[in-house]
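Colleague: Structure below; questions to follow.
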Amino acid sequence: MALASLVRRKAYLLSRNLSNSPADALKYSFSLSNFSRGFASGSEENDVVVIGGGPGGYVAAIKAAQLGLKTTCIEKRGTLGGTCLNVGCIPSKVVIGHGLYGEMYIKLILALLHSSHMYHEATHSFAGHGVKFSSVEIDLPAMMAQKDKAVSNLTRGIEGLFKKNKVNYVKGYGKFISPSEVSVDTIEGASTVIKGKNIIIATGSDVKSLPGITIDEKRIVSSTGALALQEVPKKLIVIGAGYIGLEMGSVWGRLGSEVTVVEFAPDIVPSMDAEIRKQFQRSLEKQKMKFMLKTKVVGVDTSGNGVKLTVEPAAGGDQTTLEADVVLVSAGRSPFTAGLGLDKIGVETDKIGRILVNDRFATNVAGVYAIGDVIPGPMLAHKAEEDGVACVEFIAGKHGHVDYDKVPGVVYTHPEVASVGKTEEQVKALGVDYRVGKFPFLANSRAKAIDDAEGIVKILADKETDKILGVHIMAPNAGELIHEAVLAINYDASSEDIARVCHAHPTMSEALKEAAMATYDKPIHI
């Protein structure tokens, strides 16, 4: 079946390449002809200019250079893909511009999650493994320094990749003065104009604000400020039970904060498979994270030493006051396009500010493209990277492809939750007959051996064809385990395809094999 899947995918890609509207094809042909003439003439004009040095932007710039295109990348912060955060460099008003935020956040949160998990293990699990300490304490400045060092090393590496691939790097704030010209106010205080035949907008996203709540990055913080707190808050309130809110709540909860999550919706992470979501919430509650669902914030008082939040049921009702040392606002993100001059050149956006593009990432303005968080689709760093590669491939006359239905998502807590494809609720809504296979990590020998067996693998497959429709994993390192499923779904594999692949023993990945066996037949170890 796997070979047949490959043939079907080739046919799909060919049909997709030929299915563009005549108008799009004409626009694309015109832009390519301009590109070819300019490149042949040896003009000093750039073939590609990328505004934003985050995960989508820097990847697009490197790929463009690798394809032989003269490329310039403009980044506001002066640090590609990430930045070294401390109190002195956190602005009073959060503006993470030019695509920087996604890569920076991921690196910072992973560093702190690992450090906080090590502390939690030392205080809760080591004794059971025969490792005892007379005392364990948190040195938060040292923890933050380790986080900053890790991020600094990683971001300097991106600059090295720019040099290796001959990408011109301009540090400053870029804005359009025409569809082929970007004015840049450099961080040194100068001003310059960068010309490009093709300009890619990769400016990322910004924190979504809430009415009546002012973020000061001290007591009321965004995720930026939450990554740089100078002491562990005794009480932390998180507004929003999405990926970022739960990840940050997990970090500070493991370091000793009393964490309460306030969420307007009836569920945490609404996009998650409901069965997995329920198990995930129970796991977080066992870690002493509290949840107030179907609850809205109606007032905030910062007049005292701490913060007082007034909340009430989402449907209305009696009000309650919550007190905290720090409040994290994590109610989502919005496309960051402020100051780019999109209106000046006529780039169309939707009602929430996302830039409208066709399936070649082209905007309605010839030669102007957009990728990542500024366009519709999941706001994920790895999705932005795929956008960047595909966009540049289209510009270079090649074929690019990103299927947003097959982009994995990961919640970086412990345990992690990772998924790809459809949830069971989505499959039901489509009216598809399906089978479900599950396998708990309590029956996985590696998980039992390391005493970290909380979690499950769940697979959904078409009942008639056995084609995998969705895979959901809650487990330690679920973000690593999910990629076998991502590959399978991208090539229309069946659950039997995974089940018949030999998996090394003992490994956590055997749980995926067993879940696949449970989907089309029966598992062995349960």
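Cβ from N, Cα, C; glycine included.
Just lifted these from TrEMBL, have a look:
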type	residues	note
DOMAIN	47-388	domain 'FAD/NAD(P)-binding'
DISULFID	Cys84-Cys89	disulfide bond
BINDING	Lys93, Gly174, Thr203, Gly204, Ser205, Asp373, Met379, Leu380, Ala381, His382	FAD binding site
BINDING	Gly240, Ala241, Gly242, Tyr243, Ile244, Gly245, Leu246, Glu247, Glu263, Gly332	NAD(+) binding site
DOMAIN	407-516	domain 'Pyridine nucleotide-disulphide oxidoreductase dimerisation'
ACT_SITE	His505	active site, proton acceptor
Colleague: Tell me the Cβ neighbour count for Leu246 (NAD(+) binding site), meaning other Cβ atoms within 10 Å of its Cβ, over all protein chains shown.
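Modeller: Excluding its own Cβ, the number within 10 Å is 28.
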Colleague: Cα of the residue listed as 'active site, proton acceptor' to Cα of Gly242 (NAD(+) binding site): how many Å, rounded?
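Modeller: Pair distance, Cα basis, whole Å: 35 Å.
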Colleague: Over all pairs in Gly240, Ala241, Gly242, Tyr243, Ile244, Gly245, Leu246, Glu247, Glu263, Gly332, the listed NAD(+) binding residues, work out the largest Cα-Cα distance in Å.
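Modeller: So the binding residues stretch over 15 Å, Cα to Cα.
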Colleague: List nothing but the one residue from Ile244, Met379 whose Cβ has the fewest other Cβ atoms within 10 Å; the candidates are the binding-site residues.
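Modeller: Output over binding-site residues Ile244, Met379: least Cβ neighbours within 10 Å is Met379.
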Colleague: Within a 10 Å radius around the Cβ, which one of these binding-site residues has the most neighbouring Cβ atoms: Gly240, Gly242?
Modeller: Gly240
Colleague: Rank aside, I only need the closest one: which of the binding-site residues Thr203, Ser205, Met379 has its C-alpha nearest to that of Gly242 (NAD(+) binding site)?
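Modeller: For Gly242 (NAD(+) binding site), the closest Cα among Thr203, Ser205, Met379 is found at Met379.
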Colleague: With DSSP as the reference, give the number of residues of the domain 'Pyridine nucleotide-disulphide oxidoreductase dimerisation' (407-516) in helix, strand and coil.
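Modeller: Counting residues by DSSP class gives 40 helix, 33 strand, 37 coil.
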Colleague: Round to a whole number and give the Cα-to-Cα distance in Å for the pair Glu263 (NAD(+) binding site) and Ala381 (FAD binding site).
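Modeller: Answer for this pair: 24 Å between alpha carbons.
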Colleague: Starting from the Cβ centroid of Gly240, Ala241, Gly242, Tyr243, Ile244, Gly245, Leu246, Glu247, Glu263, Gly332, which together make up the recorded NAD(+) site, report each further residue of the same chain whose Cβ lies within 8 Å of that point, ordered by sequence.
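Modeller: These residues sit around the NAD(+) site: Val238, Val261, Ile268, Val269, Ser330, Ala331.
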Colleague: Taking the Cβ of Glu263 (NAD(+) binding site) as centre, how many other Cβ atoms lie within 10 Å?
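Modeller: Here the count is 25.
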